[in-house]
Amino acid sequence: MTSLLGLAVRLLLFQPTLMFWASQVRQKCHNGTYEISVLMMDNSAYKEPLQNLRDAVEEGLDIVRKRLREAELNVTVNATFIYSDGLIHKSGDCRSSTCEGLDLLREITRDRKMGCVLMGPSCTYSTFQMYLDTELNYPMISAGSFGLSCDYKETLTRILPPARKLMYFLVDFWKVNNAPFKTFSWNSSYVYKNGSEPEDCFWYLNALEAGVSYFSEVLSFKDVLRRSEQFQEILMGRNRKSNVIVMCGTPETFYNVKGDLKVADDTVVILVDLFSNHYFEDDTRAPEYMDNVLVLTLPPEKFIANASVSGRFPSERSDFSLAYLEGTLLFGHMLQTFLENGESVTTPKFARAFRNLTFQGLEGPVTLDDSGDIDNIMCLLYVSLDTRKYKVLMAYDTHKNQTIPVATSPNFIWKNHRLPNDVPGLGPQILMIAVFTLTGIVVVLLLIALLVLRKYRRDHELRQKKWSHIPSENIFPLETNETNHVSLKIDDDRRRDTIQRVRQCKYDKKKVILKDLKHCDGNFSEKQKIELNKLLQSDYYNLTKFYGTVKLDTRIFGVVEYCERGSLREVLNDTISYPDGTFMDWEFKISVLNDIAKGMSYLHSSKIEVHGRLKSTNCVVDSRMVVKITDFGCNSILPPKKDLWTAPEHLRQATISQKGDVYSFSIIAQEIILRKETFYTLSCRDQNEKIFRVENSYGTKPFRPDLFLETADEKELEVYLLVKSCWEEDPEKRPDFKKIESTLAKIFGLFHDQKNESYMDTLIRRLQLYSRNLEHLVEERTQLYKAERDRADHLNFMLLPRLVVKSLKEKGIVEPELYEEVTIYFSDIVGFTTICKYSTPMEVVDMLNDIYKSFDQIVDHHDVYKVETIGDAYVVASGLPMRNGNRHAVDISKMALDILSFMGTFELEHLPGLPVWIRIGVHSGPCAAGVVGIKMPRYCLFGDTVNTASRMESTGLPLRIHMSSSTIAILRRTDCQFLYEVRGETYLKGRGTETTYWLTGMKDQEYNLPTPPTVENQQRLQTEFSDMIVSALQKRQASGVKSRRPTRVASYKKGFLEYMQLNNSDHDSTYF
């Protein structure tokens, strides 16, 4: 006990140092220098001289350097050897090596000797503790660490066969029943383990002894022999229960345990001796005491199994030294792979890459499985009575988990060239055998009859139960007045997603929810039917009622009671409707916890027994603020998933339990107390990381959410302590829900007694607070509604005329209307296709955006309506939808002069010096207008006036305002004195020849109009414009100006907003 306490104190002292590694471990693993940190511990799994191990690593480094040079990678690869000399804790063997390993780690941290990979230790105890406590994404290569506790470690690679591989071989060999030498499947065995075995044998036998191991699960009988006397008694005894004994060691070990006793002919001893090569030497002769022994060992490299294994060449070095060399070559292989791919070797990806691969070892390819453990070919040897040599009986490929029989007619000691059955013979007691056989047959027949009767009664009960299937015609959709409701949470996507997942309907005049039973086709198994019947029988105040199942379309739904206020998670999130000052005070929080505890207490005592999916989203609130548990039962239909509410033991193993429900209750309690996100903690925000840390947290301080105990008063502290007891790491330390229910009742009494008021006083006070909160809520949401209405109106006014919007709001329709006289403006950019030819698409978009934003500002200063933009065409009308007498021609004319004046100053950013010419055409006359379409409606103009205005623009000239005679006639009727010139007769398609005019200005008002180009011939005009573009491009290249896209943010600095970007009137305290 004292030594264990010292070890625990030592580990706690080491923890701060080990956690400091994060900034030190990569000191020698970058900038072309890569080192291996090799732990040289005297207590290794084999008593191999440390110098041999160092020589093996150096030899491996020479091979790695050569391979890197051949790959043309100019890097430096070295090794740092860390010895245990001078350590405070220096152990004598592997079983006390934990502190020695941690001391070495501390020395590496202090001296910054850590390289890219840590090689060693080989002892299971030290390896497991180093992996567990470092908490680093750091690769470890071990020549040993055989125990099951080192299996499936993400950053640990083992170069020698672990106990798991041996266990799988024995299980598969026990199952063999169709080989020439083995016709019986074995189901029993003895295991000899006296505790003084070497490191490898200790862990191999420990794996076979473990009751939860794969080997123990498949055997019907297994017993462990711990003393040589027991071994000898079983070896010779007639009352033994198995003919097979498994032990580990050398032939000498077997002889020392057996002594001079003669072994019975039907005894089979499996001797595990993986790392001895003398069985393959020519001069090796098997002693007679090995006749009943099958030896399991590893053959030399490039060994091909056959009837005789003599004449092979065993390796000059031990398997342990070879493992250090192979580990060095593995590091070189991974380093070369990452460097050739341009990836860093200091990332978690590198630490987890030492698995599921094949690399070139010293004598051939070496394969690692997806857990980072080496795969080998194991051989099972027998003694040939003819030659007294060891021969191969069968081989086993650990990579494929495949047995390969080799011998067809082995000449071993057992009869008929076959291994005996594992069960000893019963002798000539034929009568007794017959009696037992007959009795067994009678018992089996009776059991079959009972089972058939039981099944018939159960099926009859299931048929009589009215659980079954609710006809789809009994499920009715909700009425319109039941589904329509006003909600100001316009952007609440989560509510919309929830409505899509669940369906609200009516069943038996009650509002219900249809829950989708995924992966279910309606053909329920017997187990599922029993679960559904249990759900029907569950009826409690704090549980939602289950009514049955229904099939809609091709999907199966569960019909469940509906609760109006939604899930508890939604209530906690809604701080407006349920503020802390009224509903969510401490009394109410304890009441909510008590409701959950009552529901779970009833559930655990019912036939359902366990929930398995308890979380805040599976706790719903009805209209009376009563919390009810839902989504329970049907675990065979809806298996539980890993999430933040799942207990750590169920994260590690996908099961459910009542204690796991208690843990889930504690996470919900933390949500209720703090009203923050699920599993709230300041140290971590990522959900997947939280689940990982809970699943892999061990020791005295597991990972849990935050509870701010320092700010809690005495009564609140009682609640916190209850929550902490519910999320204990040990499930047995957690209270049950009966205890939780009684504790909450006491705590509620403490809160209530302090205020010296009756329950009625408390109820009246809470109702008054709630009433005031509702008044404030209505006022606030009214303001929010008005602000949103104004935003919608403003958006509509930017899309349609104000009168049209008003008509749509009041009547729902817009009647088309005929206007006797309006003026329409058309303009386009001269040479637009030529400009596009010399510009990128984004430059064209930015050019049009800059021009038309300026046009829009000019339009805002006149009584006109912008109809649309089509490419480079800009269309404006006046006199509609509101008639303005003769002002329509005046406003269009003034607007056209303003636009032409602006174009005289406009310059393209990507084509400096190039003038932008536009043609403007104006015409007046009658037209019809109305809203066309339902989706994206537009206010459109129709009539010959529109076509004529377009013709006026197309027949005009650059930087000219081309006006028809009808427009000039209207201008003459006004008091405004416009200046214009007669152009002469112009041919207009569809109208013939008409007299048209150039608008040149306005008397008593100066316009800075650009000078139109003097070229009259259209062909010469196009040539001149193309020359201007070429000149602008040359100018841009000469000045080094690069085209750039103007940022949209720049428009805000000019005092106006971009398209459709309205001022945001949202409040942080709402979902608006």
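Note: Cβ is positioned from N, Cα and C throughout, glycine not excepted.
If you look up Swiss-Prot, you'll see 1-22 marked as signal peptide, on the strength of sequence analysis.
Taken from Swiss-Prot, the feature topological domain 'Extracellular' applies to 23-429.
For Asn31 (N-linked glycosylation site), no same-chain residue that is 6 or more apart in sequence has a Cβ closer than 8 Å to its Cβ. A coil conformation is recorded for Asn31 (N-linked glycosylation site) in the three-state DSSP classification, outside any helix or strand. Annotated N-linked glycosylation site per Swiss-Prot: Asn31 (among others), in sequence order.
Among the features that Swiss-Prot reports, N-linked glycosylation site is placed at Asn74 (among others), with the record citing sequence analysis. Long-range C-beta contacts of Asn74 (N-linked glycosylation site), restricted to its own chain and to partners at least six residues apart, with a cutoff below 8 Å, comprise Gly32.
Following the DSSP three-state reduction, the secondary structure of Asn78 (N-linked glycosylation site) is strand. The N-linked glycosylation site annotation in Swiss-Prot covers Asn78 (among others).
For Asn187 (N-linked glycosylation site), the same-chain residues that are 6 or more apart in sequence and have a Cβ closer than 8 Å to its Cβ are Trp174, Val218, Leu219, Ser220, Phe221, Asp422, Val423. Per Swiss-Prot, N-linked glycosylation site is recorded for Asn187 (among others), and the stated evidence type is sequence analysis.
If you draw a 10 Å sphere around the CB of Asn194 (N-linked glycosylation site), it holds 15 other CB atoms from the protein chains shown. Per Swiss-Prot, N-linked glycosylation site is recorded for Asn194 (among others), and the stated evidence type is sequence analysis.
The N-linked glycosylation site annotation in Swiss-Prot covers Asn306 (among others).
The N-linked glycosylation site annotation in Swiss-Prot covers Asn401 (among others). In sequence order, Tyr168, Asp172 make up the list of same-chain residues 6 or more apart from Asn401 (N-linked glycosylation site) whose Cβ falls under 8 Å from its Cβ.
Residues annotated as transmembrane segment in Swiss-Prot: 430-453.
Sorting the domain 'Guanylate cyclase' (823-953) by DSSP state (H, G, I as helix; E, B as strand; all else coil) yields 52 helix, 41 strand, 38 coil. The annotation domain 'Guanylate cyclase' is assigned in Swiss-Prot to 823-953 on the grounds of sequence analysis.
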Nonlocal neighbours by CB distance (under 8 Å) for Asn78 (N-linked glycosylation site), same chain, sequence gap 6 or more: Thr33, Tyr34, Glu35, Ile36, Leu61
For Asn401 (N-linked glycosylation site), the three-state class that DSSP assigns: coil
